[in-house]
Amino acid sequence: MMGQSRKWMILVATSWIQAFTGTNFDFSSYSSTMKSVLGISQLQLNYLSVASDMGKAFGWCSGLSLKYFPLWVVMFMSAFVGLFGYGLQWLVIKKIISLPYVLVFLLCLMAGCSISWFNTVCFVLCIKNFPTNRALALSLTISFNGVSAALYTLIANAINPQDDTLYLFLNSLVPLFVSTLALIPILRQPPPQLSTDATSGDSFIFLVLNILAVITGLYLLLFNSLSSVASKARFLLGGAVFLLFLPLFLPGIVCARDWLRHTICTNSLFRCFSFSLVDTSDLELIKELVGSETGTSFNGNAHMVIGRESCFSCFGCFGEVIEKDRLTMLGEEHPAQWLVRRLDFWLYYVSYLCGGTLGIAYSNNLGQIAQSLGYYSKLDSIVTLYSSCSFFGRLLSASPDFLRDKVYFARTGWFAIALVPTPIALFFLVASGSFAALQVSTALIGLSSGFIFSTAVSLTSELFGPNSAGVNHNIVITNIPIGSLLYGLIAAITYDADAESTSLLETLVGDCMVCMGRKCYLKTFVIWGCFSMIGLISSSVLFLRTRPAYERFERNRSPTQFS
């Protein structure tokens, strides 16, 4: 019973870490001030956001560090790297110290690295303590990363609503404080529990946690707009902290549930009902995978698809693309050198690049987008909207697991559906520059990118093997700095060109040029929209190629479900 309580405490602690370490999402809140203080162009500002995203490419270092250091040590290493990276940026933006642009670039790189290290710590905690429900644990905890911007906006407004530089100060200190709070649950991790009895009641707790998460997200979305006054922001911050601490009562719920099960349900006059997302076949598969060595394949850990004549063979070249070297089993281990030779991997890579990563580029430019359209005074509400919708998108990624027994659909299919809102949103911004269009488009992109970020971790594990997921997912997310650079360059070049074509009286603010009007991002939205269509096509092809493997896996699972 104590082991059960401890693992839920770890899940709550992981949610806290994720909630306060998505510090890259508030970049747009202080980017304009940073641009003005440094006296740089939009292109140079873009390089700073790219540097933060480039830090995520060093996520493999955290996995390597875990081989030599305890997990809590790696967590504090992440916190101190962030303290140094964001802290010195704060000193620069407050004009306490002066640093050359190159050093500020390196500080942004360090800050991004700390975020990826925190993510690795959280992924390891979820996979280790919830091996049979890792998809649910990951989607729940990763979803809280989406509310970071909303939480930091509340904290900043509670201190001083007029000071944009507070975001960097908070980014440096809050993750260290939260890591200290999460230390005790992490140090008291229970041993792995793979028995059916130990996992059969997890679904009820996950349902309660998801309901609390939805309430937290709605609270931040609906009431954050009232936080422009410091006194109201303090009150709302207190409510948000209460909601984040509410899941701490879960150990009591676990104990009460077990007591009811042993005292009331043993009475023959009562019949107890429960539901579970864990079935025997999945549990046996997890046990085999945990006991296997990394890099093994074709060893019974995966479910192979029996060769059959394809229904796509009559479609010529398209049929050949669908059939050639397709993934024939789920869970097959793919070492890195094998991974990069697979067409399925590159379809997945391009889908992520033209989907979730495009959402990151949009959020990085949100400050300048709002400013160019004349809505800079409402930037806090727009950033909060993106943050909250990203949170709900991440939370929705758990729906395939909750609906698995009722409506089964391949996870690659859900992934493809998640990319649909992005092109709609971008072309909507092309058609209209109204505040309503900005709000709707921001919400759609937040939902889409949030779902992609959260489901990608489970998808990498399913497609290319759970034992290699740590290394493989870090390879997948190398698309983030690449995409951030590509999309940022497109936005910055068109922005600076339009700023120079406008009169100096209208665009000179401080020592930097500011572009005003719809034209500043119009071409960017068109180009981004075309890229998002490429991502949608790639994800659809990936779904068609992997659907037989998912169907076979589900058929093998279903016969044992009610046995």
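Using N, Cα and C of the backbone, Cβ positions are placed for all residues, glycine too.
Annotated features, as they stand in TrEMBL:
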DOMAIN    7-251  domain 'Nodulin-like'
DOMAIN    332-548  domain 'NFD4 C-terminal'
SIGNAL    1-19  signal peptide
TRANSMEM  69-92  transmembrane segment
TRANSMEM  99-118  transmembrane segment
TRANSMEM  138-159  transmembrane segment
TRANSMEM  166-184  transmembrane segment
TRANSMEM  204-223  transmembrane segment
TRANSMEM  235-254  transmembrane segment
TRANSMEM  345-363  transmembrane segment
TRANSMEM  414-437  transmembrane segment
TRANSMEM  443-464  transmembrane segment
TRANSMEM  476-495  transmembrane segment
TRANSMEM  525-544  transmembrane segment
For the transmembrane segment (414-437), distant same-chain residues with Cβ under 8 A (at least six beyond the ends): 351, 354-355, 358-359, 373, 375, 378, 393, 397, 399-400, 444-445, 447-449, 451-452, 455-456, 459, 518, 521-522, 525-526, 528-529, 532-533, 535-536, 539-540, 542-543
Selected stretch (most C-beta pairs under 8 A with the transmembrane segment (138-159)) from 166-184, 443-464, 476-495: 443-464
CB contact flag for the transmembrane segment (345-363) and the transmembrane segment (525-544), at least three pairs under 8 A: yes
Residue numbers, six or more beyond the limits of the transmembrane segment (204-223), whose CB comes under 8 Å of its CB atoms: 8, 11, 133, 136-137, 140, 143-144, 147, 150-151, 154, 236, 239-240, 243-244, 246-247, 250, 253-254, 257, 274-275, 277, 384-385, 387-389, 391-392, 395, 398, 402
